[in-house]
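Participant: Quick paste from TrEMBL:
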DOMAIN    56-305  domain 'G-protein coupled receptors family 1 profile'
TRANSMEM  41-62  transmembrane segment
TRANSMEM  74-93  transmembrane segment
TRANSMEM  113-134  transmembrane segment
TRANSMEM  155-179  transmembrane segment
TRANSMEM  212-240  transmembrane segment
TRANSMEM  252-275  transmembrane segment
TRANSMEM  287-307  transmembrane segment
Amino acid sequence: YCYIYHKSYMQMIEFIKKLNQTNFLEFILTAFSDDPAKQPLLFFLLLFIYLTTMVGNLLIILTCISNVCFHSPMYYFLSNLSLIDLCLSSTTVPKMLVDIQTGNTTISLNNCVIQMYLFICFSGMETLLLPIMSYDRFVAICLPLSYLSIMTPKFCACLVASSWIFAILSAQIHTILFLQLSFCEDSKIPQFFCDIGPLLKLSCSDTHINELFIFIEGGLVVVVSLICILVSYILIGYSIVRMPSTIGKFKAFSTCSSHICVVLLFFGTIIGVYLCPSNSHIAERDKAAAIMYTVITPLLNPFIYSLRNSHLTGSLRKTIQK
């Protein structure tokens, strides 16, 4: 990472200088529907989803912060996940709402690069945070007597900070490599936001290095994260089976089921979009998958975690009343 970063830094500066002298400054994002009759319905539907996402995730963050009962590693990671979902949704949905309302789907190159950077950053953070949460559940169920000594506040903060640092550095390298590309006259992006995959297809330059870095770095992160999650839940499942109490088995399973649903929902769409061969991609299918992990997943996460946790649900009600 450091080698690529230092090697590309001066080239990025030169590119930015050239960027101010070029006339090519805009991309055209592909809207969901060109039918004017469907635009108002689509706008209010997205607005409702976005507001619900904001309120749901903010309530979880406020509840975990204000209630001393939730000052534990599990809820510390959950509040960080809610913060990431809030930021991830805010990276794409407001621009979509503006595009639908105004009918203008163009975006400047500078704004497109910023949106791409933020999307890579926040999606990378979520990819790394989910295995951390599975490790927390593994320690809580398989090593309950050592839980407090292992999952100390300092260790939990280091885990979260390391995921943020890695995601920021990864997004920065992707952005630096992208800024070195030149683009043809075809500026129509077959996506509703500036995603790095569709952007690379518009480039007139050789994008093999960009695609190789996406496949290697993204593949390693996703595969390693999935392996960590899989190993954690295999060991958790073995421990649950060995529990003598049926109530204990149900309680242990209920604390993990919410996380399993989020993992399947998030990683299933990420793998389908970024790790499948590029010639197998279909624009409409990629849009539907992108909707899942940029809009639907941040919306469902608060409901998935709160509905499976009666204690959290009761605290959320008290927070709303306050």
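Yeah, the Cβs are placed from backbone N, Cα and C, and that goes for glycine too.
TrEMBL annotations: computationally assigned, not manually curated.
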Participant: Mind checking which residues of the chain, 6+ beyond the ends of the transmembrane segment (287-307), have their Cβ under 8 Å from one of its Cβ atoms?
Facilitator: 30, 32, 46, 49-50, 52-53, 56-57, 59-60, 78, 81-82, 85-86, 88-89, 91-93, 119, 123, 190-193, 195, 258, 261-262, 265-266, 269-270, 272-273, 313, 316
Participant: Pairs of Cβ atoms less than 8 Å apart decide it: which stretch in 41-62, 74-93, 155-179 has the most with the transmembrane segment (113-134)?
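Facilitator: Ranked by Cβ pairs under 8 Å, first place goes to 155-179.
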Participant: Same chain, outside the transmembrane segment (212-240) by at least 6, Cβ under 8 Å from its Cβ: which residues?
Facilitator: 4, 124, 127-128, 130-131, 134-135, 137-138, 141-142, 170, 173-174, 177, 196-197, 249, 252-253, 256, 260, 263, 267, 270-271, 274-275
